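Peer 1: After the structure tokens below, expect a handful of questions from me.
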């Protein structure tokens, strides 16, 4: 087996994940945020690595 | 003679055209993401491609430079990391201070589990020679050890989220953030102090940053700042990997509603939204694809055979992937989310993460020969 096959498997795994997810939850383009968060006036709502275990107080 | 000439002329042409169909598919994916999810998400995928192209194209990373410093006292890579973090901090900290409603830093809580998680992450990172971003980039560029580690990294990260409450309750401080002008000055001073220590410890004749690393440091900083401006949050890796496993588990019927982590509003929203609207997922996907594309452009890079390793080496790679995922969740990030973005956005946990993970790396390098991943000395 060559590195090409390994890279191909990685890409196929990624494609399978995306297909699985798109079938379950298709994105909604009408719900899209502004292009840039900076200047949008909206609070950041994305998940991030420092996310706490649960909401403080819960 | 004519055949020889034709063959030599065809080689550069073949090299130029290598990966073009793949690049076309990737660009179609960017266009589809923009069209069906939104322009911000398409742009995040482009930034992810940029991260992958820079990391693989310039052969820059996090685990490798630490290894070079520990084993050979070669400081070039780690100095480039510090330079890149400093460049991001110069822009990110003033931006965060001026726009607290729109932007958020990579803040984590310093605690026992966080420190232990970072130490264990540093150990496992050197066993597989890949951190969060490294595992993604290596898998995309055809590294079989990384490909084995990656799915288990995702599962480990999910398991970490399920136990995070318990671990954090062992004792953790609230996030401590260095902000404002004094925070920036202190961050830059601490980066300079670490660079000075590294230079003092460096082997004679190695006290410089190679030009390739300087370029990588500057490009990574530009991409990381763009990540903050576009997404409103810093560059991260681990959250996306845990989300992939969580969504897969939920799709297979696992109920995550009892989990404190996945029932928190932001995480529940991510769990029930498309991966194409999750920032860390998009940059993770981009890193894999960017690294794959660069590898296709390198003559012969993907034609190399997968190394023949003993069974215990593959088992070690799989277990290390699991440990990487679990420990990085407890540590509130990996080299990217905690070390790079944490320090660059003023979070004190990034510094503590750095110290603990570096100590763990020393242990990890000693363990590699025992797993058959390197000849014993």
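Glycine is treated like the rest: Cβ placed from N, Cα and C.
Annotations per TrEMBL:
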| type | residues | note |
| --- | --- | --- |
| TRANSMEM | B:20-39 | transmembrane segment |
| TRANSMEM | B:45-66 | transmembrane segment |
| TRANSMEM | B:78-98 | transmembrane segment |
| TRANSMEM | B:110-132 | transmembrane segment |
| TRANSMEM | B:144-164 | transmembrane segment |
| TRANSMEM | B:176-200 | transmembrane segment |
| TRANSMEM | B:212-231 | transmembrane segment |
| TRANSMEM | B:279-297 | transmembrane segment |
| TRANSMEM | B:309-328 | transmembrane segment |
| TRANSMEM | B:348-367 | transmembrane segment |
Peer 1: Ranking B:45-66, B:110-132, B:144-164, B:348-367 by Cβ pairs under 8 Å to the transmembrane segment (B:279-297), which is first?
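Peer 2: Comparing B:45-66, B:110-132, B:144-164, B:348-367: B:45-66 has the most Cβ pairs near the transmembrane segment (B:279-297).
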Peer 1: Count the Cβ pairs between the transmembrane segment (B:348-367) and the transmembrane segment (B:176-200) that lie under 8 angstroms and are 6 or more residues apart in sequence, then report whether there are at least 3.
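Peer 2: The answer is yes, given that the two segments have at least 3 Cβ pairs within the 8 Å cut-off.
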Peer 1: Which stretch, B:45-66, B:78-98, B:144-164, B:176-200, B:309-328, tops the Cβ pairs under 8 Å count with the transmembrane segment (B:20-39)?
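Peer 2: Most Cβ pairs under 8 Å with the transmembrane segment (B:20-39) come from B:45-66.
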Peer 1: Which residues of the chain, 6 or more past the ends of the transmembrane segment (B:212-231), have a CB below 8 A from one of its CBs?
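Peer 2: Long-range Cβ neighbours of the transmembrane segment (B:212-231): 40, 43-44, 47, 50-51, 54-55, 58-60, 76-77, 79-81, 83-85, 87-88, 91-92, 95, 103, 279, 283, 340-341, 344-345.
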Peer 1: Counting Cβ pairs under 8 Å to the transmembrane segment (B:309-328), which of B:78-98, B:110-132, B:176-200 comes out on top?
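Peer 2: Stretch with maximum Cβ contacts: B:110-132.
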Peer 1: May I ask which of the stretches B:45-66, B:78-98, B:110-132, B:176-200 has the most CB pairs under 8 A with the transmembrane segment (B:144-164)?
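Peer 2: Per the Cβ count, the answer is B:110-132.
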Peer 1: Pairs of Cβ atoms less than 8 Å apart decide it: which stretch in B:45-66, B:78-98, B:176-200 has the most with the transmembrane segment (B:110-132)?
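Peer 2: Most Cβ pairs under 8 Å with the transmembrane segment (B:110-132) come from B:45-66.
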Peer 1: Below 8 angstroms Cβ to Cβ, which residues of this chain, lying six or more residues outside the transmembrane segment (B:78-98), approach it?
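Peer 2: Residues packing against the transmembrane segment (B:78-98) from afar: 60, 62, 65-66, 68-69, 104-105, 178-180, 183-184, 187-188, 191, 194-195, 198-199, 209-210, 213-214, 216-218, 220-221, 224-225, 228-229, 234, 339-341, 343-346.
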